[in-house]
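Enquirer: Dropping the structure in here first, questions after.
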Amino acid sequence: MTENNAKKEQVHTVFQNISSKYDRLNNIISFEQHKVWRKHVMKDMHVKVGSKALDVCCGTADWTIALSKAVGAHGEVTGLDFSENMLEVGKEKTKHMNNIHLVHGDAMNLPFEDNSFDYVTIGFGLRNVPDYLVALKEMNRVLKPGGMIVCLETSQPTMPVFKQVYKLYFKFVMPVFGKLFAKSKEEYEWLQQSTFDFPDKDKLKQLFEQAGFNKIKIRSFTGGVAAMHLGYKQKSSTK
C-alpha cells in the first residue's frame with residue numbers, strides 16, 4: 001500500500017468513526033470559534049446570488065449550508081466528502097434545502113467537469129488529504145476561469161504567546177477531548193498530528209500558487225491558529 005493510500009484509509013476510518021460526534025467535538029475543540037471564522041470568511045467572499053459552488057471535504061455540511069443560504073434558491077451548492085457516515089449526518093441537516101446536493105468522492109479526483117463552479121471551498125479538510133497540491137490542482141480544474149477558491153484551515157501561530165498556548169493545548173487538552181469522543185487512541189492522535197503536520201500560511205500560499213491560483217489573500221484568525229487563503233483561477237486569455 002502506498003503512503004497516500006495508507007493515509008486515505010486512516011482518514012476514512014477516523015471520520016467514519018467520529019461522524020456522529022464530529023459537530024460537538026468541533027465546537028468544543030475550537031471553543032465554537034470555527035463558526036466565527038467561517039462568518040468572517042463568508043463576508044470576504046461576497047458570494048453572488050444564483051451562483052454555483054462546490055464545498056470539498058464538506059463533512060457534516062456546515063459550510064455547505066452557509067453557501068446554500070448565500071447563493072439563494074436559484075443557486076446550487078454541491079458538497080463532496082470521502083466519508084459516507086459524515087455525509088449521512090450532512091444529509092440529515094440539509095434534507096429540507098433544495099439547492100444542496102451531497103456526493104461521495106475524493107478531493108484528489110473530483111468527479112466534475114472542468115470549469116464547472118464559480119466558487120470552491122474547503123474547510124478544515126485539506127490537512128486530511130494525502131497530497132495537498134493534487135487536491136488544489138483538482139479544485140483549480142473544476143473552477144470556472146476567474147472563479148474563487150477559499151480554504152479555511154488550522155495554521156501555525158506566529159505570535160509567541162499564542163504559539164506556546166497552542167502547543168500546550170494540543171499536548172495536554174486535546175488528548176482529553178479525544179479520549180472522550182474518539183473510539184481509539186489512533187483517532188485522536190490523528191486529529192493532533194494532521195494539525196501539526198499542516199503547512200504554515202506562507203507555505204500554503206506557495207502551494208496555491210503552484211496549483212495555478214493568483215491574487216491570493218491570507219487572513220489569520222485568533223493569533224494565527226486558523227487562516228483563510230482566498231484566491232482566483234486565472235481568467236481565460238482573450239485573443
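A Cβ is built for glycine as well, from the same backbone N, Cα and C atoms used for every other residue.
Bear in mind that the values here come from a model prediction, so they are computed numbers and not experimental data.
Per Swiss-Prot, S-adenosyl-L-methionine binding site is recorded for T60, D81, D106, A107.
Each of the listed features needs to be described in terms of its position in the shown structure.
Expert: Other Cβ atoms within 10 Å of the Cβ of T60 (S-adenosyl-L-methionine binding site) number 26 in total over all chains. Secondary structure from DSSP puts T60 (S-adenosyl-L-methionine binding site) in coil.
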Enquirer: Can you check which residues sit near D106 (S-adenosyl-L-methionine binding site), meaning Cβ under 8 Å from its Cβ, same chain, 6 or more apart in sequence, and list them in order?
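Expert: For D106 (S-adenosyl-L-methionine binding site), the qualifying residues are K8, F82.
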Enquirer: Rounded to a whole angstrom, what is the largest C-alpha distance between any two of the residues T60, D81, D106, A107 that the record assigns to S-adenosyl-L-methionine?
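Expert: Between the outermost Cα atoms of T60, D81, D106, A107, the distance is 16 Å.
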